[in-house]
Structure formats: structure tokens, C-alpha cells
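S.K.: Mind having a look at this structure? Questions to follow.
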Amino acid sequence: MLTLASKLKRDDGVRGPRASNPASDSTRRVSVRDKLLVKEVAELEANLPCTCKVNFPDPNKLHYFQLTVTPDEGYYQGGKFQFETEVPDAYNMVPPKVKCLTRIWHPNITETGEICLSLLREHSIDGTGWAPTRTLKDVVWGLNSLFTDLLNFDDPLNIEAAEHHLRDKEDFRNKVEDYIKRYAR
């Protein structure tokens, strides 16, 4: 799976500790982001929640992956929700960009896929935003938790969904189930 990791090891073995040709070194240089991702992806795959599955469409591009969350409890049980994650070049100084690809009725995810999760914010008032000490594992566990303990009706991104829940919990549940049947199977 970690094709990039084996490439890094192979390239280091070919070049040795110091490259003699600076021009060829610059064409083979691997970014700090990619070096971090090799380690973080291995840690992520070893510590993935049982309700999550990660897919790397191109094993040589660890900076782009898809996450599937299949909640096993709560309002969203039975749904299959797809997320797209892109890790920018400035990672780990900036958070990954994450979008929900599955249409969903959720107070913290808009119908167009924007996500309200404090650790995905570059700057957060409450101090729980992104920090260089966070990892992809934190992001995946945070996204998974949006379907259980981090489901937040008090600080919504999708205000209409949150107000719907406050107004009529049963009708909210019905709409969530309808969205799951239509978009999340």
C-alpha cells in the first residue's frame, strides 16, 4: 500500500547519504508533507475506527484520499458517507481540506459538503483548531465523531438542519433517513 514509502527508501538507497549531482537531487526531492504522510498513513491504517474505511485512488499520492464513514449508531446508522481529503503542500502547518461528497441532512455538514469541525479550522477561537501536532488520525476520528458524540446542534453550520431538530426531532429523523435512502447507500 505505501508505495511512496518504498520509493523513498529505494531513492535513498540509490543516491546514498549524499547526492553527487545536485540537479538530479532537486528532481527527486520529496516534500516534508510527503515524508510526514508516509508515517501518518501507516499510523492511520493501524488505528482506523471500525466504522471507517480509507481509500487511496493513487497509492503514489498519499496527499489525496477518500474516507467512507458507516455509522453504527445514532441518527445516521445505516448510511455510507464519503469524504474527500486533500492534504496541502504546507501540511502540517495548515489542516487538510475535507469535503463531504454524500448529500446529507446534518447540522455540522452543509448539503454542498462543507464541514464544521474545529480541528479543520486553521484558526479557532476556542483553541481546538488545527495545530502542527495534529495528524490525519485526528481528522478521521473527528469526522467519524460528527455522527455520534460531536454531533452539535448548538453551533451549527447548517442552521436549517439544527432548527429542524429543535422544532421536531421525529421529523428531523425522518428527513435524515430519507437522505440516507436517497444518497447514502
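Every residue number used here counts from 1 along the chain in the order it is shown.
Glycine is no exception: its Cβ is also placed from the backbone N, Cα and C atoms.
Any TrEMBL annotation is an automated prediction that lacks curation.
Found this in TrEMBL, in case it helps:
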- Cys116: active site, glycyl thioester intermediate (ACT_SITE)
- 32-185: domain 'UBC core' (DOMAIN)
- 1-30: region 'Disordered' (REGION)
S.K.: For the residue listed as 'active site, glycyl thioester intermediate', what residues in its own chain, 6 or more apart in sequence, show a Cβ-Cβ distance under 8 Å?
M.R.: Asn108, Ile109, Asn152, Asp155, Pro156, Leu157
S.K.: For the domain 'UBC core' (32-185), provide the mean pLDDT of the predicted model.
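M.R.: Residues in the domain 'UBC core' (32-185) carry a mean pLDDT of 94 in this prediction.
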